[in-house]
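Student: Below you will find the structure I want to go over with you.
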């Protein structure tokens, strides 16, 4: 019977001494409190340069899991694209050049789709603005921006500033206009809510929407009047001089998001010949280009293809003939699989995966426990089975409920998680295993912005916990650690040599 090493990633569980609308600190968490007092622990970095992001940039789930799973600082797409813009090589990119050439050759339209936001988690509006300028320089005559609105990694009603910037730039360049707006709730689903994606797709491609207005700003104002914040803006078309924009054959579409997980579904709707999740009028003959690779199965050009890291934690475990399990509910399943494996879709030999469906609710404050009880049932069974050397799991609650801005619901989510942690602790200690608890970034640790007194729905840049639960004696060996130090720590406790590609350091030393 194997002694399991378990890594528990509490998504969005940051650390803050402040009790100001801190759902984690103010929730009733007897198990977490006792673990924090009794077992070896430290705080580690999960944002900024320490995870390969620009200085001061908050971390996110994709970045966090890549850094944890790879055991090294992985420089993120945001950083790479920023560098290309800074070095003035962005416009020389082959895939972007081909998309522009297609438009010029066919005298067709260039469509930019993506999250118009300064959030820096899924996209950055500066990339969109740079793309607009390059299109003008390259001789594009008609450019249409289909703006997805944020309100999740940014304040809930903050899109006006971004829309005004985009409007002014397009007007100054006499190039085109914002042709549709849509909350990310619709265009950037990742939970197979194809009815949402269908609404976004139809607005962009067919100019078919529930609402039509004369400007993007008017669309936003009317959405607010319906009490729909940026994230939930119903897909809306913009009519200019009596004209509605559609995506037509021979057009080029460039998807400006750099993060994969919430860009996949609508990309498949654009590109799959045999797409069947909702009816399309026809399969478009277009040039579809993505800023980064969203899914290796997508048939499209990629401007910044991925670099495949070697000797990730999963690969090292496989090479050492260890069994491993990855488990999460739908919202975070790609993170413990694709992202944790450094952008690899395929399972390693000896790697099992369990996907627990996320509850079908409009927003997760309506069901703060999400699917944590079911995840825990499967986890406890896996520990008891003695089948796995290493288990990696993710609990989505503190992030997904944190994003709703509902403080009371976030506290309920934390309290549900505390009960789950109690069950895991008992199972691990009973079987003489090792459990590490950490987070990929903060979120529920600040539910209200202290400066504005408004709901804070974005991630935080706070440190995150890293705690060891087990019978081994452990001492903190590394102060000021970071997410990339977690994999070396797991290898250390498992007695496996750390490969040279892993540049992280072990956080705890364990008595032999």
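Each residue, glycine too, has its Cβ placed from N, Cα and C.
Not my notes, these are from Swiss-Prot:
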{"type": "BINDING", "residues": "11, 61, 440, 441", "note": "Mn(2+) 2 binding site"}
{"type": "ACT_SITE", "residues": "61", "note": "active site, phosphoserine intermediate"}
{"type": "BINDING", "residues": "122, 152, 153, 184, 190, 259, 260, 261, 262, 332", "note": "substrate binding site"}
{"type": "BINDING", "residues": "399, 403, 459", "note": "Mn(2+) 1 binding site"}
Student: Taking the center of the Cβ atoms of 399, 403, 459 at the recorded Mn(2+) 1 site, which other residues in this chain have a Cβ no more than 8 Å from that point?
Tutor: 11, 12, 60, 61, 152, 153, 398, 400, 402, 441, 443, 444, 457, 458
Student: Long-range same-chain neighbours of residue 440 (Mn(2+) 2 binding site), Cβ under 8 Å, sequence gap at least 6?
Tutor: 9, 11, 12, 46, 59, 60, 61, 63, 64, 65, 68, 335, 464, 483
Student: Given a separation of at least six residues and a C-beta threshold under 8 Å, show me what packs close to residue 122 (substrate binding site) in the same chain.
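Tutor: Non-local contacts for residue 122 (substrate binding site): 115, 153, 184, 188, 257, 258, 259, 262, 263.
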Student: Return only the integer: C-alpha distance in Å from residue 403 (Mn(2+) 1 binding site) to residue 441 (Mn(2+) 2 binding site).
Tutor: 13
Student: Within its own chain, what residues at least 6 apart in sequence put their Cβ under 8 Å from the Cβ of residue 399 (Mn(2+) 1 binding site), listed in sequence order?
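Tutor: Sequence-distant Cβ neighbours: 11, 12, 61, 332, 441, 443, 444, 459.
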Student: Which are the residues of the chain, 11, 61, 440, 441 excluded, whose CB is within 8 A of where the CB atoms of the Mn(2+) 2 site average out, their centroid?
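Tutor: So the extra residues in range turn out to be 9, 12, 46, 59, 60, 64, 65, 332, 335, 394, 399, 439, 443, 459.
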Student: Return the residue, from the listed binding-site residues 403, 459, with the maximum count of other C-beta atoms within 10 angstroms of its C-beta.
Tutor: 459
Student: Look at the binding-site residues 190, 262, 441 and tell me which residue has the greatest number of other C-beta atoms within 10 angstroms of its C-beta.
Tutor: 441
Student: Ranked by the number of other Cβ atoms within 10 Å of their own Cβ, which of the binding-site residues 11, 260 ranks first?
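Tutor: Selected residue: 11.
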Student: Of 61, 153, the binding-site residues given in the record, which has the fewest other CB atoms within 10 A of its CB?
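Tutor: Each of the binding-site residues 61, 153 was scored by Cβ atoms within 10 Å; lowest is 153.
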